[in-house]
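According to TrEMBL, the protein carries these features:
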type     : residues                                               : note
BINDING  : GLY45, PRO46, PRO47, GLY48, CYS49, GLY50, LYS51, THR52 : ATP binding site
COMPBIAS : 418-436                                                : compositional bias 'Basic and acidic residues'
DOMAIN   : 37-158                                                 : domain 'AAA+ ATPase'
REGION   : 418-446                                                : region 'Disordered'
Amino acid sequence: MNWVEKYRPKSLDEVVGNRKAKEELKRWIEDYISGKDRRPVILAGPPGCGKTTMARALGRDYNLDVIELNASDNRSAEIVRSIVGSAAESKSILGRRILVVLDEIDGISGTMDKGGLREILNIIKTAKNPIIMTANDIYKPSLKPLRERCKVINLRPLPTNTILSVLKKIAQEEGLDVDEETLKLIAKHAQGDLRAAINDLESLALGGSLSPEEAKKLDSRNVEKSIFDVIKMILKTTKYDIALSTLWDLKEDLETLEEWLSENIPREYKKIEEVATAYDYLSKGDMFLGRGKRRQNYNLWRYASALMGTGVALAKEEKYRGFTPYVRPKVFTKLLQNKSKREILKRILSKISSKTHVSTKRAREDLIYLSTILERDPYLGAELVRFFEFTEEEVEYLTDKNTAKKIFKILKEREKKKEIKKDKIKKKEEKKESKGKQITLETFLQ
(Lines of atoms letter the chains of each structure in order from A and count residues from 1; the text may use other names and numbers.)
(Lines give C-alpha, C1' and ligand atoms only; values in the text may rest on other atoms or scores of the structure.)
Protein backbone atom coordinates (compact mmCIF):
# COMPACT_ATOMS: atom_id res chain seq x y z
CA MET A 1 0.00 0.00 0.00
CA ASN A 2 1.34 3.45 -0.89
CA TRP A 3 1.95 5.88 1.95
CA VAL A 4 -0.79 8.32 0.93
CA GLU A 5 -3.41 5.61 1.49
CA LYS A 6 -1.58 4.00 4.41
CA TYR A 7 -1.56 7.23 6.42
CA ARG A 8 -4.85 8.69 5.21
CA PRO A 9 -6.83 9.95 8.26
CA LYS A 10 -9.81 7.80 9.28
CA SER A 11 -11.75 10.54 11.10
CA LEU A 12 -12.17 14.31 10.79
CA ASP A 13 -10.27 14.84 14.04
CA GLU A 14 -7.21 13.23 12.42
CA VAL A 15 -7.35 15.50 9.35
CA VAL A 16 -4.69 18.22 9.63
CA GLY A 17 -5.28 21.88 8.78
CA ASN A 18 -8.41 23.73 7.58
CA ARG A 19 -10.03 23.71 11.03
CA LYS A 20 -12.85 26.10 10.04
CA ALA A 21 -13.68 24.02 6.96
CA LYS A 22 -13.94 20.88 9.12
CA GLU A 23 -16.29 22.64 11.53
CA GLU A 24 -18.43 23.88 8.64
CA LEU A 25 -18.59 20.37 7.19
CA LYS A 26 -19.72 18.91 10.54
CA ARG A 27 -22.43 21.57 10.90
CA TRP A 28 -23.59 20.87 7.34
CA ILE A 29 -24.00 17.10 7.81
CA GLU A 30 -25.82 17.62 11.12
CA ASP A 31 -28.13 20.19 9.51
CA TYR A 32 -28.69 17.80 6.59
CA ILE A 33 -29.61 14.89 8.87
CA SER A 34 -31.95 17.09 10.92
CA GLY A 35 -33.54 18.47 7.73
CA LYS A 36 -32.41 22.10 8.24
CA ASP A 37 -30.24 22.27 5.12
CA ARG A 38 -30.66 19.67 2.36
CA ARG A 39 -28.28 21.27 -0.13
CA PRO A 40 -25.26 19.33 -1.40
CA VAL A 41 -21.88 20.70 -0.40
CA ILE A 42 -18.86 21.51 -2.57
CA LEU A 43 -15.39 21.29 -1.01
CA ALA A 44 -13.26 23.67 -3.06
CA GLY A 45 -9.50 23.99 -2.82
CA PRO A 46 -6.14 23.16 -4.42
CA PRO A 47 -4.84 19.59 -4.83
CA GLY A 48 -3.61 17.85 -1.69
CA CYS A 49 -5.41 20.07 0.84
CA GLY A 50 -7.66 17.24 2.11
CA LYS A 51 -10.96 17.51 0.21
CA THR A 52 -11.51 13.82 -0.54
CA THR A 53 -10.01 12.76 2.79
CA MET A 54 -12.47 15.01 4.65
CA ALA A 55 -15.41 13.57 2.73
CA ARG A 56 -14.41 9.97 3.46
CA ALA A 57 -13.65 10.73 7.12
CA LEU A 58 -17.04 12.41 7.53
CA GLY A 59 -18.72 9.25 6.25
CA ARG A 60 -16.95 7.13 8.86
CA ASP A 61 -17.62 9.59 11.69
CA TYR A 62 -21.37 9.62 10.96
CA ASN A 63 -21.72 5.92 10.06
CA LEU A 64 -22.52 6.62 6.41
CA ASP A 65 -21.67 4.27 3.52
CA VAL A 66 -19.52 6.26 1.09
CA ILE A 67 -19.97 5.82 -2.66
CA GLU A 68 -17.28 7.70 -4.56
CA LEU A 69 -17.17 8.61 -8.25
CA ASN A 70 -14.67 10.67 -10.22
CA ALA A 71 -16.84 13.12 -12.13
CA SER A 72 -14.17 14.06 -14.67
CA ASP A 73 -13.83 10.44 -15.84
CA ASN A 74 -17.50 9.45 -15.61
CA ARG A 75 -19.33 12.46 -16.98
CA SER A 76 -21.93 11.15 -19.41
CA ALA A 77 -25.58 11.55 -18.40
CA GLU A 78 -26.15 7.79 -18.52
CA ILE A 79 -23.28 6.94 -16.14
CA VAL A 80 -24.13 9.77 -13.74
CA ARG A 81 -27.80 8.73 -13.70
CA SER A 82 -27.11 5.02 -13.15
CA ILE A 83 -24.50 5.43 -10.41
CA VAL A 84 -25.08 8.78 -8.73
CA GLY A 85 -28.84 8.86 -9.24
CA SER A 86 -29.32 5.44 -7.69
CA ALA A 87 -27.00 6.15 -4.75
CA ALA A 88 -28.61 9.51 -4.05
CA GLU A 89 -32.07 7.93 -3.76
CA SER A 90 -31.50 4.62 -1.94
CA LYS A 91 -29.98 3.13 1.21
CA SER A 92 -27.07 0.70 1.37
CA ILE A 93 -27.53 -3.07 1.64
CA LEU A 94 -26.91 -2.66 5.39
CA GLY A 95 -29.79 -0.21 5.62
CA ARG A 96 -27.52 2.76 6.32
CA ARG A 97 -27.73 6.17 4.69
CA ILE A 98 -25.34 6.69 1.76
CA LEU A 99 -22.93 9.59 1.35
CA VAL A 100 -22.30 10.29 -2.33
CA VAL A 101 -18.85 11.77 -3.09
CA LEU A 102 -18.25 13.26 -6.55
CA ASP A 103 -14.55 14.00 -7.02
CA GLU A 104 -13.15 16.59 -9.45
CA ILE A 105 -16.48 18.08 -10.44
CA ASP A 106 -14.62 20.89 -12.19
CA GLY A 107 -13.27 18.27 -14.63
CA ILE A 108 -16.62 18.36 -16.38
CA SER A 109 -16.48 20.51 -19.51
CA GLY A 110 -19.49 22.43 -20.74
CA THR A 111 -18.98 21.22 -24.31
CA MET A 112 -17.93 17.62 -23.69
CA ASP A 113 -19.95 16.41 -20.69
CA LYS A 114 -22.75 14.82 -22.81
CA GLY A 115 -25.34 15.97 -20.30
CA GLY A 116 -23.47 14.86 -17.18
CA LEU A 117 -23.65 18.28 -15.51
CA ARG A 118 -27.34 18.65 -16.33
CA GLU A 119 -27.99 15.21 -14.88
CA ILE A 120 -26.19 16.14 -11.63
CA LEU A 121 -28.36 19.27 -11.37
CA ASN A 122 -31.47 17.10 -11.81
CA ILE A 123 -30.31 14.55 -9.23
CA ILE A 124 -29.62 17.09 -6.46
CA LYS A 125 -33.21 18.36 -6.72
CA THR A 126 -34.63 15.03 -5.54
CA ALA A 127 -31.69 13.45 -3.67
CA LYS A 128 -32.57 11.76 -0.37
CA ASN A 129 -28.94 11.24 0.62
CA PRO A 130 -26.19 13.80 1.29
CA ILE A 131 -23.89 14.65 -1.64
CA ILE A 132 -20.36 16.06 -1.37
CA MET A 133 -18.53 17.31 -4.45
CA THR A 134 -14.87 18.31 -4.65
CA ALA A 135 -13.28 20.81 -7.02
CA ASN A 136 -9.96 22.55 -7.55
CA ASP A 137 -11.59 25.44 -9.41
CA ILE A 138 -15.26 25.89 -8.56
CA TYR A 139 -15.46 29.27 -10.25
CA LYS A 140 -15.52 28.00 -13.82
CA PRO A 141 -18.39 29.72 -15.70
CA SER A 142 -19.89 26.35 -16.68
CA LEU A 143 -20.27 25.43 -12.98
CA LYS A 144 -22.26 28.54 -12.01
CA PRO A 145 -25.66 26.70 -11.98
CA LEU A 146 -24.18 24.06 -9.67
CA ARG A 147 -22.54 26.64 -7.43
CA GLU A 148 -25.87 28.42 -6.93
CA ARG A 149 -27.58 25.24 -5.71
CA CYS A 150 -24.87 24.06 -3.32
CA LYS A 151 -23.16 25.13 -0.13
CA VAL A 152 -19.51 25.92 -0.93
CA ILE A 153 -16.82 25.29 1.70
CA ASN A 154 -13.40 26.64 0.77
CA LEU A 155 -10.18 24.90 1.81
CA ARG A 156 -6.73 26.49 1.85
CA PRO A 157 -3.33 25.03 0.92
CA LEU A 158 -1.73 23.46 3.97
CA PRO A 159 1.03 25.45 5.74
CA THR A 160 4.57 24.11 5.38
CA ASN A 161 4.81 23.45 9.14
CA THR A 162 1.63 21.37 9.03
CA ILE A 163 3.00 19.27 6.17
CA LEU A 164 6.32 18.96 8.02
CA SER A 165 4.60 17.56 11.12
CA VAL A 166 2.90 14.86 9.02
CA LEU A 167 6.16 13.95 7.28
CA LYS A 168 7.89 13.61 10.66
CA LYS A 169 5.23 11.17 11.88
CA ILE A 170 5.46 9.08 8.71
CA ALA A 171 9.26 9.05 8.87
CA GLN A 172 9.08 7.83 12.47
CA GLU A 173 6.49 5.15 11.67
CA GLU A 174 8.53 3.91 8.70
CA GLY A 175 11.79 3.99 10.66
CA LEU A 176 13.46 6.33 8.16
CA ASP A 177 16.93 7.69 8.79
CA VAL A 178 16.24 11.26 7.64
CA ASP A 179 17.15 14.64 9.10
CA GLU A 180 14.77 17.55 9.64
CA GLU A 181 16.40 19.68 6.93
CA THR A 182 15.45 17.12 4.26
CA LEU A 183 11.87 16.93 5.53
CA LYS A 184 11.63 20.73 5.56
CA LEU A 185 12.79 20.91 1.94
CA ILE A 186 10.22 18.31 0.88
CA ALA A 187 7.46 20.16 2.77
CA LYS A 188 8.47 23.50 1.26
CA HIS A 189 8.57 22.18 -2.31
CA ALA A 190 5.08 20.73 -1.88
CA GLN A 191 3.61 24.27 -1.79
CA GLY A 192 0.61 23.28 0.32
CA ASP A 193 0.01 19.88 -1.33
CA LEU A 194 0.27 17.22 1.39
CA ARG A 195 -0.37 14.33 -0.99
CA ALA A 196 2.52 15.44 -3.21
CA ALA A 197 4.81 15.81 -0.18
CA ILE A 198 4.05 12.26 1.00
CA ASN A 199 4.61 10.94 -2.53
CA ASP A 200 7.95 12.76 -2.67
CA LEU A 201 9.03 11.34 0.69
CA GLU A 202 8.08 7.81 -0.37
CA SER A 203 9.81 8.23 -3.74
CA LEU A 204 13.07 9.41 -2.14
CA ALA A 205 12.89 6.68 0.51
CA LEU A 206 12.39 3.95 -2.10
CA GLY A 207 15.33 5.35 -4.05
CA GLY A 208 17.50 5.28 -0.93
CA SER A 209 18.34 8.98 -1.29
CA LEU A 210 16.95 10.73 1.79
CA SER A 211 19.38 13.63 1.88
CA PRO A 212 19.09 17.43 1.59
CA GLU A 213 20.97 17.24 -1.72
CA GLU A 214 18.37 14.92 -3.26
CA ALA A 215 15.48 16.91 -1.77
CA LYS A 216 16.87 20.07 -3.38
CA LYS A 217 16.65 18.37 -6.77
CA LEU A 218 12.88 18.19 -6.48
CA ASP A 219 11.31 20.20 -9.24
CA SER A 220 9.13 23.19 -8.52
CA ARG A 221 5.76 21.99 -7.26
CA ASN A 222 3.95 23.86 -10.04
CA VAL A 223 5.85 21.82 -12.63
CA GLU A 224 5.37 18.61 -10.66
CA LYS A 225 1.62 19.13 -10.55
CA SER A 226 1.55 19.61 -14.26
CA ILE A 227 3.42 16.40 -14.97
CA PHE A 228 1.63 14.31 -12.33
CA ASP A 229 -1.78 15.53 -13.52
CA VAL A 230 -1.00 14.89 -17.18
CA ILE A 231 0.35 11.36 -16.74
CA LYS A 232 -2.52 10.54 -14.37
CA MET A 233 -5.08 11.59 -16.98
CA ILE A 234 -3.32 9.73 -19.80
CA LEU A 235 -2.77 6.51 -17.85
CA LYS A 236 -6.18 6.49 -16.15
CA THR A 237 -8.52 7.48 -18.98
CA THR A 238 -9.74 5.32 -21.87
CA LYS A 239 -11.23 8.27 -23.74
CA TYR A 240 -9.53 9.81 -26.76
CA ASP A 241 -10.83 13.36 -26.21
CA ILE A 242 -9.73 13.49 -22.55
CA ALA A 243 -6.20 12.27 -23.33
CA LEU A 244 -5.85 14.72 -26.21
CA SER A 245 -7.19 17.76 -24.35
CA THR A 246 -4.91 16.97 -21.39
CA LEU A 247 -1.86 17.63 -23.57
CA TRP A 248 -3.09 21.11 -24.47
CA ASP A 249 -2.25 22.30 -20.96
CA LEU A 250 1.09 20.52 -20.75
CA LYS A 251 3.74 22.93 -19.47
CA GLU A 252 6.65 20.56 -20.08
CA ASP A 253 8.25 19.51 -23.35
CA LEU A 254 7.36 16.21 -25.01
CA GLU A 255 10.73 14.67 -24.14
CA THR A 256 9.92 15.11 -20.45
CA LEU A 257 6.45 13.61 -20.95
CA GLU A 258 8.00 10.65 -22.76
CA GLU A 259 10.40 9.98 -19.86
CA TRP A 260 7.59 10.14 -17.29
CA LEU A 261 5.30 7.85 -19.30
CA SER A 262 8.14 5.41 -19.96
CA GLU A 263 8.78 5.11 -16.23
CA ASN A 264 5.14 4.81 -15.13
CA ILE A 265 3.38 2.74 -17.83
CA PRO A 266 4.27 -0.60 -16.17
CA ARG A 267 3.17 0.78 -12.79
CA GLU A 268 -0.35 1.45 -14.11
CA TYR A 269 -1.02 -1.18 -16.79
CA LYS A 270 -1.43 -4.73 -15.50
CA LYS A 271 -1.42 -6.79 -18.71
CA ILE A 272 1.85 -7.35 -20.55
CA GLU A 273 0.08 -6.85 -23.92
CA GLU A 274 -1.11 -3.41 -22.81
CA VAL A 275 2.37 -2.48 -21.64
CA ALA A 276 3.86 -3.59 -24.97
CA THR A 277 1.25 -1.66 -27.00
CA ALA A 278 1.73 1.47 -24.90
CA TYR A 279 5.51 1.37 -25.38
CA ASP A 280 5.00 0.79 -29.10
CA TYR A 281 2.96 4.01 -29.34
CA LEU A 282 5.54 5.79 -27.19
CA SER A 283 8.41 4.72 -29.45
CA LYS A 284 6.50 5.79 -32.57
CA GLY A 285 5.86 9.16 -30.94
CA ASP A 286 9.58 9.41 -30.20
CA MET A 287 10.30 8.73 -33.87
CA PHE A 288 8.16 11.71 -34.97
CA LEU A 289 9.75 13.81 -32.23
CA GLY A 290 13.21 13.01 -33.55
CA ARG A 291 12.27 13.63 -37.17
CA GLY A 292 10.76 16.98 -36.28
CA LYS A 293 14.00 18.02 -34.59
CA ARG A 294 16.30 16.80 -37.37
CA ARG A 295 14.26 18.35 -40.18
CA GLN A 296 13.21 21.38 -38.13
CA ASN A 297 9.66 20.51 -39.15
CA TYR A 298 7.86 20.99 -35.85
CA ASN A 299 4.49 20.20 -37.39
CA LEU A 300 5.52 16.56 -36.94
CA TRP A 301 5.32 17.08 -33.18
CA ARG A 302 1.53 17.02 -33.34
CA TYR A 303 1.78 13.35 -34.38
CA ALA A 304 4.26 12.71 -31.57
CA SER A 305 1.85 14.33 -29.14
CA ALA A 306 -1.10 12.26 -30.37
CA LEU A 307 0.82 8.97 -30.24
CA MET A 308 2.29 9.61 -26.79
CA GLY A 309 -0.97 10.87 -25.33
CA THR A 310 -3.95 9.18 -26.95
CA GLY A 311 -2.01 6.14 -28.19
CA VAL A 312 -0.75 5.29 -24.72
CA ALA A 313 -4.17 6.03 -23.17
CA LEU A 314 -6.01 3.72 -25.57
CA ALA A 315 -3.45 0.91 -25.28
CA LYS A 316 -5.32 -0.52 -22.28
CA GLU A 317 -8.53 -2.51 -22.55
CA GLU A 318 -10.14 -0.91 -19.52
CA LYS A 319 -9.49 1.76 -16.92
CA TYR A 320 -7.61 0.65 -13.81
CA ARG A 321 -9.21 2.07 -10.69
CA GLY A 322 -7.43 2.93 -7.48
CA PHE A 323 -4.43 5.07 -6.69
CA THR A 324 -1.11 4.46 -8.46
CA PRO A 325 2.04 6.01 -6.95
CA TYR A 326 3.71 7.57 -9.99
CA VAL A 327 7.43 8.24 -9.71
CA ARG A 328 10.00 10.41 -11.41
CA PRO A 329 11.89 8.94 -14.38
CA LYS A 330 14.85 6.88 -13.27
CA VAL A 331 15.23 3.76 -15.44
CA PHE A 332 17.88 5.24 -17.73
CA THR A 333 19.20 8.05 -15.56
CA LYS A 334 19.61 6.78 -12.02
CA LEU A 335 22.35 4.34 -12.99
CA LEU A 336 24.35 6.58 -15.31
CA GLN A 337 25.66 8.80 -12.53
CA ASN A 338 29.15 7.37 -12.35
CA LYS A 339 31.63 5.38 -14.38
CA SER A 340 31.03 2.01 -12.72
CA LYS A 341 27.33 2.15 -13.49
CA ARG A 342 28.00 3.10 -17.09
CA GLU A 343 30.20 0.02 -17.32
CA ILE A 344 27.33 -2.16 -16.08
CA LEU A 345 25.05 -0.72 -18.76
CA LYS A 346 27.74 -1.30 -21.39
CA ARG A 347 28.03 -4.97 -20.40
CA ILE A 348 24.27 -5.47 -20.48
CA LEU A 349 23.91 -3.90 -23.93
CA SER A 350 26.84 -5.95 -25.23
CA LYS A 351 25.25 -9.21 -24.04
CA ILE A 352 21.85 -8.35 -25.53
CA SER A 353 23.48 -7.30 -28.80
CA SER A 354 25.53 -10.51 -29.02
CA LYS A 355 22.64 -12.85 -28.21
CA THR A 356 19.99 -11.19 -30.40
CA HIS A 357 22.26 -9.99 -33.24
CA VAL A 358 21.17 -6.35 -33.03
CA SER A 359 23.09 -3.11 -32.51
CA THR A 360 23.70 -1.80 -28.99
CA LYS A 361 21.54 1.19 -29.92
CA ARG A 362 18.61 -1.10 -30.68
CA ALA A 363 19.37 -3.13 -27.56
CA ARG A 364 19.08 0.03 -25.47
CA GLU A 365 15.63 0.72 -26.94
CA ASP A 366 14.47 -2.72 -25.78
CA LEU A 367 15.85 -2.27 -22.28
CA ILE A 368 12.57 -0.99 -20.83
CA TYR A 369 10.69 -4.08 -22.10
CA LEU A 370 13.29 -6.33 -20.50
CA SER A 371 13.10 -4.44 -17.18
CA THR A 372 9.30 -4.76 -17.17
CA ILE A 373 9.37 -8.52 -17.79
CA LEU A 374 11.98 -9.09 -15.07
CA GLU A 375 9.88 -7.14 -12.54
CA ARG A 376 6.49 -8.57 -13.57
CA ASP A 377 7.38 -12.24 -14.08
CA PRO A 378 10.50 -13.39 -12.16
CA TYR A 379 10.13 -16.97 -13.50
CA LEU A 380 10.17 -15.85 -17.13
CA GLY A 381 12.80 -13.32 -16.09
CA ALA A 382 14.98 -16.15 -14.78
CA GLU A 383 14.92 -17.77 -18.24
CA LEU A 384 15.96 -14.48 -19.84
CA VAL A 385 18.74 -13.98 -17.29
CA ARG A 386 20.04 -17.48 -18.04
CA PHE A 387 19.82 -16.84 -21.80
CA PHE A 388 21.64 -13.50 -21.68
CA GLU A 389 24.02 -14.74 -18.96
CA PHE A 390 23.40 -11.67 -16.79
CA THR A 391 25.09 -11.35 -13.41
CA GLU A 392 23.13 -10.48 -10.26
CA GLU A 393 24.65 -6.99 -10.39
CA GLU A 394 23.34 -6.51 -13.93
CA VAL A 395 19.84 -7.70 -13.00
CA GLU A 396 19.84 -5.32 -10.04
CA TYR A 397 20.70 -2.53 -12.51
CA LEU A 398 17.65 -3.39 -14.62
CA THR A 399 15.26 -3.81 -11.68
CA ASP A 400 16.11 -3.55 -7.99
CA LYS A 401 17.95 -5.49 -5.31
CA ASN A 402 14.95 -7.55 -4.14
CA THR A 403 13.93 -8.58 -7.67
CA ALA A 404 17.51 -9.56 -8.52
CA LYS A 405 17.74 -11.73 -5.39
CA LYS A 406 14.40 -13.36 -6.17
CA ILE A 407 15.41 -14.20 -9.75
CA PHE A 408 18.76 -15.68 -8.73
CA LYS A 409 17.07 -17.68 -5.99
CA ILE A 410 14.80 -19.17 -8.68
CA LEU A 411 17.86 -19.97 -10.82
CA LYS A 412 19.66 -21.65 -7.90
CA GLU A 413 16.58 -23.74 -7.07
CA ARG A 414 16.33 -24.85 -10.70
CA GLU A 415 20.01 -25.79 -10.77
CA LYS A 416 19.57 -27.71 -7.53
CA LYS A 417 16.62 -29.64 -8.99
CA LYS A 418 18.66 -30.43 -12.10
CA GLU A 419 21.53 -31.75 -9.96
CA ILE A 420 19.14 -33.91 -7.92
CA LYS A 421 17.61 -35.25 -11.13
CA LYS A 422 21.07 -35.98 -12.57
CA ASP A 423 22.08 -37.81 -9.38
CA LYS A 424 18.93 -39.93 -9.51
CA ILE A 425 19.54 -40.85 -13.15
CA LYS A 426 23.20 -41.62 -12.42
CA LYS A 427 22.33 -43.85 -9.45
CA LYS A 428 19.67 -45.62 -11.50
CA GLU A 429 22.14 -46.30 -14.30
CA GLU A 430 24.79 -47.49 -11.84
CA LYS A 431 22.29 -49.83 -10.22
CA LYS A 432 21.25 -51.19 -13.60
CA GLU A 433 24.87 -51.64 -14.64
CA SER A 434 25.71 -53.36 -11.34
CA LYS A 435 22.77 -55.72 -11.71
CA GLY A 436 23.84 -56.60 -15.24
CA LYS A 437 27.35 -57.43 -14.08
CA GLN A 438 26.00 -59.63 -11.27
CA ILE A 439 23.85 -61.70 -13.66
CA THR A 440 26.78 -62.20 -15.98
CA LEU A 441 28.95 -63.50 -13.10
CA GLU A 442 26.27 -65.89 -11.91
CA THR A 443 25.78 -67.19 -15.42
CA PHE A 444 29.53 -67.69 -15.73
CA LEU A 445 29.67 -69.72 -12.49
CA GLN A 446 26.84 -71.94 -13.63
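Backbone N, Cα and C atoms are what each Cβ position is placed from, and that goes for glycine too.
Nobody curates TrEMBL annotations by hand; they come from automatic prediction.
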Which are the residues of the chain, GLY45, PRO46, PRO47, GLY48, CYS49, GLY50, LYS51, THR52 excluded, whose CB is within 8 A of where the CB atoms of the ATP site average out, their centroid?
LEU43, THR134, ASN136, LEU155, ASP193, LEU194, ARG195
Cβ neighbour count (within 10 Å, all chains shown) around PRO46 (ATP binding site):
16
Please work out the number of neighbouring Cβ atoms within 10 Å of the Cβ of GLY48 (ATP binding site), leaving out its own Cβ.
24
Including all protein chains shown, what's the count of other C-beta atoms within 10 A of the C-beta of THR52 (ATP binding site)?
19
Which one of the binding-site residues (GLY45, PRO47) has its C-beta surrounded by the most other C-beta atoms within 10 angstroms?
GLY45
